[in-house]
Amino acid sequence: MKHVYVIDDNEVVASALGDTLKRLGFSTEVYNDPLVFLQESMPVSPAVILMDMRMPSMSGVELQKRLQDIGRKTPIVFISGEWESSEIVLSMKQGAVDFLFKPFNLEDLLTAIAHALEKDQQNSQALSLQLTLRERYNSLTPREKEVCALLVEGLLSKQIAVNLGISNATIKVHKSRILEKMQASSLQQLALGIQQLGLN
């Protein structure tokens, strides 16, 4: 189920927003204090955080930074009745999906939520792919990793054989096993996978 975290120190606004979204089929959690959100909320996906910019215990931008610091990547849509342009610029630089000014209409809110949920799904898919690639890479032997690094640098089998002091036939066996373990159909696909892992 699509999940929405609502964080607003105005209890009436937060509760009304949470109830409206629940009626529309979203799973919701409402928090009136960013610190409580940090302590109690559990990350789920797909999800979006709807967050006020101005709150007594911590500003929206500060909470956004805290979430980044702990590696929580749930997309954020800011909602606020008070703002400064510098806050909007900073929040967008830090990856906010949208910024809605109170009072906003439901259609704009649902559009922003849809964009944020789509981004969260893309992030989850990218993370899943990276974990799969990491698992495949870790299945390579130390020698295969060595050969793999040289292959993605563009060296030919003969050059790698000379480089490592082993036969060309052995390199071809390593190359075949590397492609099989990494589930790559070509050297180009292998290079792309290594690039996604940040190993190139």
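Any Cβ shown, glycine's included, is placed from N, Cα and C.
Please treat TrEMBL annotations as automatic predictions, because they have not gone through curation.
For reference, TrEMBL has these:
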| type | residues | note |
| --- | --- | --- |
| DOMAIN | 3-117 | domain 'Response regulatory' |
| DOMAIN | 133-198 | domain 'HTH luxR-type' |
| MOD_RES | Asp52 | 4-aspartylphosphate |
Other C-beta atoms that fall within 10 angstroms of the C-beta of Asp52 (4-aspartylphosphate): 23
Three-state composition of the domain 'Response regulatory' (3-117), taking helix and strand from DSSP: 51 helix, 25 strand, 39 coil
Counts by DSSP class (helix H/G/I, strand E/B, coil) across the domain 'HTH luxR-type' (133-198): 49 helix, 0 strand, 17 coil
